[in-house]
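Engineer: Feature table excerpt (TrEMBL):
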ACT_SITE  S107  active site, phosphoserine intermediate
BINDING   G33, L34, S35, G36, S37, G38, K39, S40  ATP binding site
DOMAIN    26-174  domain 'APS kinase'
Amino acid sequence: MTNENIVWHQQTVSKEQKQAQKGHRPALLWYTGLSGSGKSTIANAVEAELFRLGCHTYLLDGDNVRMGLNKDLSFSDADREENIRRIGEVAKLFVDAGVIVSSAFISPFEADRASARSRLNDGEFVEIFIDTPIEVCEARDPKGLYKKARAGEIPNFTGISSAFESPKKPEIHIHTQHHSIAQSVELIVSYLRSKQIIK
Ligand SMILES: Nc1ncnc2c1ncn2[C@@H]1O[C@H](COP(=O)(O)OS(=O)(=O)O)[C@@H](OP(=O)(O)O)[C@H]1O
Ligand SMILES: Nc1ncnc2c1ncn2[C@@H]1O[C@H](COP(=O)(O)OP(=O)(O)O)[C@@H](O)[C@H]1O
């Protein structure tokens, strides 16, 4: 729904001024992958390293956002789309504030990830594919959800009864079978340095 009586308000303190104050550029680190692939683990480890380096960070994490902002949403395709739309909008606010924000959601649909990307300037959206085969995720099963899904207790479970569309050209591609958590952190932080998002 759009409303012609709502007018965009230009803010006095610009995004560029906020960026200059922080000493790094803002970005959205968009982690995507199956449940149990390692999104949360790696996003937390990267955030800890960025924090140690003096960056201003925030982490939007799947389960936590679904307990608050998005607690009205299910795991139907339409509700996943709305989940990702809201997260993309919230993340954009953090980017406007000059923060390096991370989001760790399955975000299974290419079109929804593309839409989150399209809200930001070139270079601000960093898609990080945590590429872990479903057999490995299922063997890890950190929350016991695959066991329940196989038993038919969770409908629309990603990778089993709901689709996951792999990113075609992610900025960063992590294979957790071959990359340790520390190596993944190093890959991501190096990428941010190479793009001069951080010094
Ligand atoms: N049906 C179904 N499919 C997938 N995942 C499920 C489901 N039901 C509950 N969970 C738990 O919810 C977490 C995924 O939520 P997300 O918001 O990241 O999902 S999505 O982006 O809207 O697809 C996911 O967390 P992660 O394991 O951290 O990915 C699960 O713990
Ligand atoms: N190389 C690795 N990278 C990331 N996680 C790993 C790795 N090896 C094992 N794990 C484990 O896999 C699990 C991933 O769970 P989690 O981070 O919650 O995934 P997600 O957020 O994608 O659901 C954790 O228990 C983590 O310790």
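The chain as shown is numbered from 1 upward.
Note that Cβ sites are derived from N, Cα and C of the backbone, with glycine treated the same way.
From a predicted model like this one, the values you see are computed outputs, not experimental measurements.
So where do these features actually land, and what's packed around them?
Structural biologist: Secondary structure from DSSP puts S107 (active site, phosphoserine intermediate) in coil. If you take the C-beta of S107 (active site, phosphoserine intermediate) and look for same-chain residues 6 or more apart in sequence within under 8 angstroms, you find W30, T32, R80, I84, I87, R113, A116.
Other C-beta atoms found within 10 angstroms of the C-beta of S37 (ATP binding site) number 27, with every protein chain shown included.
In the predicted model, the domain 'APS kinase' (26-174) has a mean pLDDT of 97.
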Engineer: Using a 10 Å cut-off on Cβ-Cβ distances across all protein chains shown, tell me which of the binding-site residues (G33, G36, G38) has the largest neighbour count.
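Structural biologist: Answer by Cβ density within 10 Å: G33.
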Engineer: Provide the number of Cβ atoms within 10 Å of the Cβ of K39 (ATP binding site), excluding the reference atom itself.
Structural biologist: 28
Engineer: Just to be sure I understand the contacts, which binding-site residues have a Cβ under 6 angstroms from any atom of ligand 1? Candidates are G33, L34, S35, S37, G38.
Structural biologist: S35
Engineer: Just how many other Cβ atoms lie inside 10 Å of the Cβ on S40 (ATP binding site)?
Structural biologist: 21
